[in-house]
Amino acid sequence: MSMHQAGTWASRSQLQLLALILTLVSTAVIGLGAPEITCLLIKRNNIMSGSLESSPSHETQEDRNCSLYYQSSENIYEAATDFEVGVLENVEIKAIVNISENITCLWFFKENQTNCNSSLDLENRHVVSKKFPKIRETQAGNHTLSIKTKTDNYRVTFTIHIKKSPRKPYFILNKQREVTVSCLSEGYPKPNFEWFSCKTPDESCRSSKTAQSEDMDGRQQAQLKLRDNELLFRQHVWCCAVNEFGKVCSELYTIDLSAPGSSMQEFFLKTREPLLLRCRGISGDYNFGMKWYSESKQLIQGLSLEGRKNLNSKRVKTQYAFVFPMETQSHRHFNCSSKELAANKSALVTVLDKGFINFTNAKEDFEADVAEKLCLEVTLIAYPSIRCIWMSSQMSFPCIQTYTDVYSISSKFCDHKDQPGEYVFYAENDDLSVSRTLKLYMKRKPVLKMYKTSTQISCAAESRPAASWVWRQCPDKKTNCTEIAGGISNNTYDGNTFGSQIVISTLDLSKVEDRFYVECCANNSVGFDCETSLIEKGEHPLSDNVALYATAGFCLSVIAVLCVLICQNYKKQSRYKSQLQMIQMVGSSSNEYIYVDFSEVEYELKWEFPRENLEFGQELGSGAFGKVVNATAYGISETGVSVQVAVKMLKDKYSSSEKDALMTELKMMTRIGSHENIVNLLGACTISGPVYLIFEYCCYGDLLNYLRSKRDRFHKTLTDVFRQHNFSFYHNFPQYANSRNEYILRNGSYIPKDDFGNTSAKKDLDLASKLCRIALLAEEEGMKYVNRGIDDEEDLNVLTFEDLLSFAYQVAKGMEFLESKSCVHRDLAARNILVTHGKVAKICDFGLARDIENDSNYVVRGNACLPVKWMSPESLFQGIYTIKSDVWSYGILLWEIFSLGVNPYPGIQVDANFYKLIQSGFKMDCPFYATEEIYLMLCSCWALDSRKRPSFSQLLSLLACQLAEGEGAACPMGKSGISEHVSSPKPHIPVHMG
């Protein structure tokens, strides 16, 4: 090596090293100070590949290593690897953002943008996610999350690839330097192509050609040169796109003038789609011509192209016609004719605005023997081509398509493992989706069990089809048997296995006195089963004891009837009934009312929602009568949008009365209407299956547990939060000065009787209510969520005194609405208030999903379980429920709120003494976090005389005053509209947090 070369090499090495150092430094500078963003891909219930064995649902989470890609006015993050998922998989993309500031965010996909919500994890990091319960091909691409703070902008890009079999190929004509026929398809992974010239494109076809794919405007294509490749002159030309998920083939649309038959071929196109047609003719020489006509007009030169080839001593000509995309729906005829060959054939091209999927077989019920191999099958015609999947029992299975012609498709599912049940075939193309439910019944021979008493013998058998019975009487075991014709009764019931039936056949033995064998046989088309039993003469009642046995039997029958009546009466009393009821006054007194009966009211079908658009998740609650399940509803709010909902339903085995009660509740909810502070009805499923009531889903659960979970993060104000270093959350709520009137005695948690309705404080309360209502009328709308002017509280995962006031205000607002609809709740408590985003409180009635028999809050009184600690005296002792009794319960609810979820009347057992306390007017002491004004409000709700309790409108006004005072407004009459004449220090209350 020369000195000059060595010097050049050394200089080049130094430059490369310098460039590497600069790259590392610039990367470090870009990443300096940039927040950490984690990109996750979550998959749930992945597509199974062929097993119906029961397996628990599972979830996988993959970290895709997001890193800062570019930094300027916007910090751009990208995942290190793309997200690869299967079509119709349940997936979620999630970003965890380690930013201490508040954020706002938007999702962008193609030309659309959608709002997003962020939450905080246990490390106070922002979590933003986007869910795809059944991801579709149209959702593949770049999903971009835009995040903004007061100081910076961030953009995180998630690239999603849908793993799928190739799309059905189509053909175009390229006329550049060399004329080529191109075959185009799409798929992920990128497909390769195979060309075939046989009648069917399978392995038996030797004349094939493999072609590598190349990109063309985002699609993959393979090409064959028109003049050089004899394959394009064959009678059949197939192009197949292949990847690891499947092989899809298309045949080049051909009119063969030399082939027998003259029927018109039909082709479909969508608007703005091209079409390539081929006309083929064979002769002994080239002295023949072919022409294309469209609607009796010859295609102009440039729209058609001719090719010729010697093929097995024959002269073959092909003439191509390229149909340019059309903008409107129409029908066009294309004719290819040859004067010399005396041939003329046509093709009809139908241009559609929208594709179609039509099932062509009507069979939905399949019955099979275990010994035979039966496949479930659907046949359909579709354009464009479909993507499909088979589903059963929350599992998904690959779908294999077979084309019998250009548009006719058959798909079979054989991997059912002889498991009876319902199987769903789901198919979609670019324009629509369809599904069909197929039922598989497995034949099984009878399996027999025998039951014997002194007066009858019964045989039960489960089978499909249902068994028929033969009874025989035999002097000796299985010899000289004769068939028994009389004294036999049969009953049929649904079996334990899908589609099976249980038939019970009973033989009356009361008149039989001889000793003999009885044989019962159950048989069907699959097989039979028999049982034999010896009937002894001594087994039957003796004549001299008839009177004794008759008397005993009569007594036992009477006792049994009484037990049945008692049980039925108890069931009648304890059967499911919605706590929320609409009442109608029938007299001048507030106690003179009846419950509105909705059983005869017609259900409005506008509320009906397709049950197949519900995808169920985890159970939210379960009780004696039913349950509430979290679900995803597709299209319940707007087309193409999925929403989390709560679905209320009865348990699997329910009575007709319980179903009627649920339907009555549904009709009532449709009449009540919607309000921001009640859990609103969104829809229902009542047709072809169990009744589902679909309600709003509240992400934070019930208020009781929400308050309890925030005890160690409670602060009087947000100012207190920011005074703490590093956002250290602990109790820092000072004890307020308190006041009581002269009748209150100190005894820890309770005070003796105080007829609050007769005090001057009650009059002050009424006057303050009216003044507040006037003063704050203009602010009414702003008081809805006065603490939501900023989102710091929720973002910091804290709870403030203002939040407690807001919860109280929102519940009162919801109850005021229910009162306007003549509704009483009858179980108003923190456990029946749900909390959702923005700390919005919503009143609910999910009583059927609560196990009240095992809930200590519900006490057996008579033949009912009642929430006695929340009940007013008139409800508890007289069974009277009015809006004023709801006001009493609201006072208990306020006590729960301002004690952060302490159980009411702590330390007091519900017994005879408790009921005496309520009757004598005992009231709980002030909850730990309440002010004196709040406590006076509580006591006003607990007036023994229901007429002296405030209305919800008055309570709203007072709470609005409290909220306004927190914003710096002045409330009338002293501090906040409560009489100032009562003043004494608030004692410390020993509260058991439980």
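The backbone N, Cα and C atoms fix where each Cβ goes, glycine too.
These numbers come from a predicted model, not from an experiment.
What TrEMBL records for this protein:
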- ASP827: active site, proton acceptor (ACT_SITE)
- TYR593, ASN832, ASP845: Mg(2+) binding site (BINDING)
- 621-628, LYS648, 696-702, ARG831: ATP binding site (BINDING)
- 614-963: domain 'Protein kinase' (DOMAIN)
- 1-27: signal peptide (SIGNAL)
- 546-567: transmembrane segment (TRANSMEM)
- 677-695: transmembrane segment (TRANSMEM)
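Nearest neighbour of ASP702 (ATP binding site) by Cα distance, taken over the recorded positions ASP827, ASN832, ASP845: ASN832.
For the pair GLU696 (ATP binding site) and ASP845 (Mg(2+) binding site), the C-alpha distance works out to 12 angstrom. Among the binding-site residues listed (GLY621, LYS627, CYS699), GLY621 has its Cα nearest to the Cα of ASN832 (Mg(2+) binding site). Relative to ASP845 (Mg(2+) binding site), the recorded positions with Cα atoms inside 10 Å are ASP827, the candidates having been LYS627, CYS699, ASP827. ASP827 (active site, proton acceptor) and LYS627 (ATP binding site) are 18 Å apart (CA-CA, integer value). Taking CA atoms as the reference points, GLY621 (ATP binding site) and ASP827 (active site, proton acceptor) are 17 Å apart.
According to DSSP, GLU696 (ATP binding site) is assigned to a strand segment. For the domain 'Protein kinase' (614-963), the model's average pLDDT works out to 76. ASN832 (Mg(2+) binding site) falls within a helical segment according to DSSP.
The Cβ of GLU696 has fewer other Cβ atoms within 10 Å than any other of the recorded positions GLU696, ASP702, ASP827, ASP845. In the three-state DSSP scheme, ASP702 (ATP binding site) falls into the strand class.
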